[in-house]
Ligand SMILES: [Zn+2]
């Protein structure tokens, strides 16, 4: 039995939480008995849930493993992550998703829910074994070719039809491949000045519009990964106004960073640390994404944690890999972009980083409100802390963060997974 003393649930009045056998047994004041942990007035949130994490195992264990990636997740306050399918081999069979699921059970510092590929080998030609992955021990409910777009409309329609049988969802990386061939950064004023091939907003928006129409046509669930443009927000708002079952995510970096960093930043011009897919966009896009997350048009924050080894990032811009690590800075970036700006309170953060991602992934036992009888998945967060981001201190195997040297608000003090601390006093247990 553990009693966590002096925490503020969703930022409310001070309270104590008694945890017994993995469950929140009692919430009240002046609780005692068993092991006592001082919460120090931290904000208590339900354990965070990420719908979009790249754990890289199997195949790229030099970048991340299930063990290091879930350590990174726990440090960031997460109690569950969805592991993307673009591994090697691709997670497109029951065998591979069960392998990832078993690695999570054995080495995970949080729950690991494998995402299944939509198409065999992510090649966009033939549907993968969606039903077998859903029926496997991993019980896959989220399917995505993330990193690539399912651009064939017939295949996308079939995938949407197929997943209805087991209440699954197709999570689309919306990017029309012909419109983004050779793209290096956002298409706009900055790409024009730098002479880099641009990634037009319409490449994302056209696929989102098509997929919303397809999802409505077949009556299925669609989830849009990492929305990055103001136009995408308008399309999703329209789809929701029709009552269609469409959800969307935004990454922390798209809520804070803009494309002019490619030209001029604290770490110089053309620094590939800012190279990411979809690309960083404009200030107007960032403002639209923040407003959409605040009003619920965008449902959740998902990290798109994309670890890469140094040699794949510290190279010339055109050759560098796309992506950023994000698990250990997500909550701080959301505080900076959404809480400090008055757009969200802690209850709103809990919805968008725990309850709703758990619901989209159809997870039971995650994302539940902190109340008596709920599983004790709890994140304690000190919003008054200020921390200079030091990648060498990351639990992730990779260091490719765009926030190095920046001072961000807040610090994850502790994380509990079914009552067991995975992080205490900011350190892995
Ligand atoms: Zn993606």
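Cβ atoms here come from the backbone N, Cα and C positions, even for glycine.
Keep in mind that what you see is a predicted model, and the values were worked out from it rather than measured.
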TrEMBL annotation, Zn(2+) 2 site containing 146, 173 - matching residue among 223, 226, 253: 226
Out of 295, 299, 304, 312, TrEMBL lists as part of the Zn(2+) 1 site with 52, 54, 146 the residue 304
Filtered binding-site residues, from 52, 54, 146, 173, whose Cβ is under 6 Å from an atom of ligand 1: 146, 173
Per-region confidence, the domain 'Dihydroorotase catalytic' (42-230) (mean pLDDT, whole number): 98
Counting only residues 6+ away in sequence within the same chain, which have a CB under 8 Å from the CB of residue 173 (Zn(2+) 2 binding site)? 144, 145, 146, 147, 148, 149, 225, 226
